[in-house]
Amino acid sequence: MAPPSHNFTRLPTNDEEASLRPEAAAALASTVSHDDILDGLLTKVGYGTFQRRLLIMCGLGWLADNTVIIILPRVQDHFDVSDNWIGSLSSSLFTGMMFGAFFWGAYSDSRGRKTPYTSTLTIATIIGLLSSFAFSFWSLCLTLFFLGFGVGGNMPTDGALYLEFLPKKYHYLLTFMSVFFSLGAVLASMLGYAILPYASCPEPTVTDPTPMCDVSVQNNGWRYMLAGAALTTLIMVLVRSFWLRLPETPKFLLSRDRRKETVMILQDIARINGQQVQIDSSDIPHSMSSMRSSNQNDEEEMLLNMEQRDGIRSRRVSAEMDLNYVDDPTVPMTQTSHNEDGGDRVVDEHHHDTNITTIAAATDTTSTRRMTTMSETIYDDTMEEKVSKWKLLFGPKWRRTTILVWCIWAFTATAFTMFNVFLPKYLETLGFQGEEIRTRKDVYWDYMIYSLAGVPGSVLASYMIETRLGRKGTMALSSFGSSLSLFLFSIISSRVTMLLSSSAVSFLATLLYAVIYGYTPEVFDTSVRGTAVGTSSGLSRVAGIVSPIVCGILFTIATALPLYVSIVGFGIVGICVVLLPYETRGMGKD
C-alpha cells in the first residue's frame, strides 16, 4: 500500500488525539470543518472511473420526463379535450413531481440518497406502462400523477447524490448532468417523429378540414410513446441495479456517525479509481459527527446539536437491541474477531479486494439493520427533524438565498413551461404567413431541432460557470437572453426565423437550467442540501402545475399571450440571480 498522499494533512490518530491537552483538542475541532475534512478525503481517492460511471447512472434518470410534452395534441384528439383542459395532463405530471420532490428530498436527508436512486425510476417504469393503457383522459391524468411522483424525486436526489461523491474542485461537473435532460427531450422528439405521424388521426386538409377518425384504431401513437418511454426507463433501472450498484454517500454516512462504512467506501472508491492511497478511521476524528461547518451560526448549531443529542440517544437504544452493533469506529464494518481480553481487534481493515457490489451490499446490510430498529425508525420519522431543517433554511445565513433560489426555480419553470409544453401546439396552430406547414411530420421535425439546440447549452454551461462569469453571471446572461429570444419569436412570422428563435430559447433556457441544477445543491450545506434541493424542485413543479392550465386559458384568448408571460418570467429570473448573495465558483479549490 502506498503511503498517504501528501496533498492532504493527516489528522491525529485516536491515541494522538487523546494525548492532546484539552485546549489543543478544542482548538483542532474549532479550526477544521466537517466539509473540509471530507473534501480532503474525497480528494485523496480522486476523480476517476467511479465518478464517471456515476455521472452516467445519475444522468440516465434525467431522461425520463420529456414524453408528455410531445403527445399533448394527440391526446387532445383522442379524448376530445378542449384547450382549456388539455393543460391538466401536464399539470397532473407536475403535481406528482412536486410531491415526489418534497417526499424523496426529505427522505434522502433522513434515510440516505441510496434508496431513491433505484426506487424512483422503478416507480416511473411501472406507472409509465400503466399510463399507456389509460381508458379516459382523467385516468391518464391520474397515472401521470404517480409517474411524476417517481420522476420528480429522481432529479433532485440524483443531483445531491452525485455531488456528494465529488471533491469540491469537481463540483462544476454537476452542471454537465443537465445534458441528459436535453438528450431526453431529443429522444422523445425522435420517438415522436418516428411514431406519431403514422399512428395518429388523419390530418386536416383544405378539402377535408375535419376528417373522420376511429381513435381506438388510428390514434394509438401516444400510447406507443408512453410504453416506449417506460421500457427505456426499465433499461435504466436494470443498468443502475447491475452495472453500478451504489453505496451510500460518505457525507451522509459521516453525518450519521457511521465512520466504519465511510472509511470502507472511500477505500474502495480509491481502488476503483486506481488510487493507491491509505485511508483509515484515524483520518476522521471521533468528534467528527458532532462538528459543524466553521461558518454556521449559533441558531444552526443549537438545532443541529438537538438532532445529534436525539440521534445519539437512539443509537444507544439500538445498541442494546442489536447484539451485532459495534460502537468502536476503529473496527472494520464486517470482519472482526475477539481477543483473549474480550475486546474487538481488526482482522482486515482495508478490504482491498472488495468490489463496488460488495461495498453496496455491505452498506445495505448495515443500513437495514440500523434503520429497522424501532428507536431509529421513530427518530427518523419524527417531524422534529424535518422542521429543524426548515428552520435552518430560514435562519439568518440561508434566508435570502433560500427565497431567491425558490423564486428562480418557480419563475424559470413558469416561463419555460408556458413555451415548451405547448410548442408543438403552437407550431400546429399558429401557422406561418406565406410559408404553410404541410404535415405534422414537419412539426415534429421542427420540435426535434428545437430539442437538439438544448444539448450544446448543457455542455457549454459546464465551461461558462468556470469562467469569470461564474454561476451567477451565466444564469443572468441565459435568463435575460431567453427573454429576448422569446420576444423575437413572438413578433416574427417566417418558419426559418421562428425555428432559429425557438432554438435560441432552447439553447439558453437549457443552459440556465443546467446552472440552476448545479448551483442549488452546491450553495447549500450537506445538512440541508436534500431538503433545499427537493423543496426548490417541488416549487418548480407547483409552477409546472399551474402554468399549463393558465397557458391553455390564455391560449384561447390570444395565441401569443402565453409567450408574453414567459418573457416577463425569464426577466424576473434574471433579477433574482443578480440579487443572490453567494457565488460558488472556486469554492473548495484551494
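Each Cβ is built from the backbone N, Cα and C atoms, and glycine gets one as well.
Look at TrEMBL and you will find 41-586 tagged as domain 'Major facilitator superfamily (MFS) profile'. As annotated by TrEMBL, transmembrane segment applies to 54-73, 85-107, 119-138, 170-196, 224-243, 403-423, 443-463, 475-492, 498-519, 539-557, 563-582.
Listed stretches 119-138, 443-463, 539-557, 563-582 were compared with the transmembrane segment (170-196); the greatest number of C-beta pairs under 8 angstroms is found for 443-463.
Taken together, the residues in the domain 'Major facilitator superfamily (MFS) profile' (41-586) have a mean pLDDT of 76 on the 0 to 100 scale. Remote same-chain partners of the transmembrane segment (539-557), defined as residues 6 or more beyond its termini with a Cβ less than 8 Å from a stretch Cβ, comprise 83-91, 93-95, 97-98, 100-101, 148, 152, 406, 409-414, 417-418, 421-422, 425, 565. Residues of the same chain lying 6 or more positions beyond the ends of the transmembrane segment (85-107) and with a Cβ under 8 Å from any Cβ of it are 65, 68-69, 72, 75-76, 115-116, 120, 137, 140-142, 144-157, 386, 389, 417, 421-422, 530-531, 533-535, 537-539, 541-552. Sequence-remote contacts of a segment are chain residues at least 6 beyond its ends whose Cβ falls under 8 Å from one of its Cβ atoms, and for the transmembrane segment (443-463) they are 70, 172-173, 175-176, 178-179, 181-183, 185-186, 188-190, 192-193, 196-197, 423-424, 427-428, 437, 474, 478, 495, 499, 502-504, 506-511, 514-515, 518.
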